[in-house]
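For reference, the structure I am asking about is given below.
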């Protein structure tokens, strides 16, 4: 007497239908990992650019001293960033921003190696937002003083100094432009981090 076990055709069809689903989910996971890794690599490149722009802004502003070639017995005409508290704040703030960006590079590398890590991406998003706020405040404040240096204010009897201190104004203007470049880079970094977290 022999015993035979019949396997229903439906169960075998279901079993056959499950195999492709596993492969599809694995393929989808790999595609998502490649997408996140691409974002992480672009994030690292943007951070390198932001480091250059932030430190360039601080260095340009910090070396903007100019002394006029003529002087009197009691006065020597010179202009420097340390004559303006706003420019002093700018140099300090951009120095902090540049230092943070340098320290964030290793975390960005970790995000490349582990593209699915949420903690690193969330930490960078929070710190990038703080640095963006500081960068924007410094750039906006310095831009207002640079405008006054170029154009003055007749209502307040503030004279434009850029006619006399051309090199000084050129350097501080360059520093402000570089700081706004880093603001734009930070905006891209924040948006990219938010997109990467949303796709998780």
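Placement of Cβ uses the backbone N, Cα and C atoms for every residue, glycine included.
Pulled the feature table from Swiss-Prot, pasting it below:
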type     : residues : note
CARBOHYD : 153      : N-linked glycosylation site
TOPO_DOM : 1-38     : topological domain 'Cytoplasmic'
TOPO_DOM : 60-88    : topological domain 'Extracellular'
TOPO_DOM : 110-121  : topological domain 'Cytoplasmic'
TOPO_DOM : 143-175  : topological domain 'Extracellular'
TOPO_DOM : 197-200  : topological domain 'Cytoplasmic'
TRANSMEM : 39-59    : transmembrane segment
TRANSMEM : 89-109   : transmembrane segment
TRANSMEM : 122-142  : transmembrane segment
TRANSMEM : 176-196  : transmembrane segment
Just to be sure I understand the packing, how many Cβ atoms besides its own are within 10 Å of the Cβ of residue 153 (N-linked glycosylation site)?
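Summing over all protein chains shown, residue 153 (N-linked glycosylation site) has 11 other Cβ atoms within 10 Å.
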Six or more residues out from either end of the topological domain 'Extracellular' (143-175), which same-chain residues have a Cβ under 8 Å from its Cβ atoms?
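Tertiary neighbours of the topological domain 'Extracellular' (143-175) are 56-58, 60-61, 63-66, 68, 77, 79-81, 84, 86-87, 90, 94.
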Averaged across the topological domain 'Cytoplasmic' (110-121), what pLDDT does the model get? Just tell me the whole number, please.
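Over the topological domain 'Cytoplasmic' (110-121), the predicted model scores a mean pLDDT of 88.
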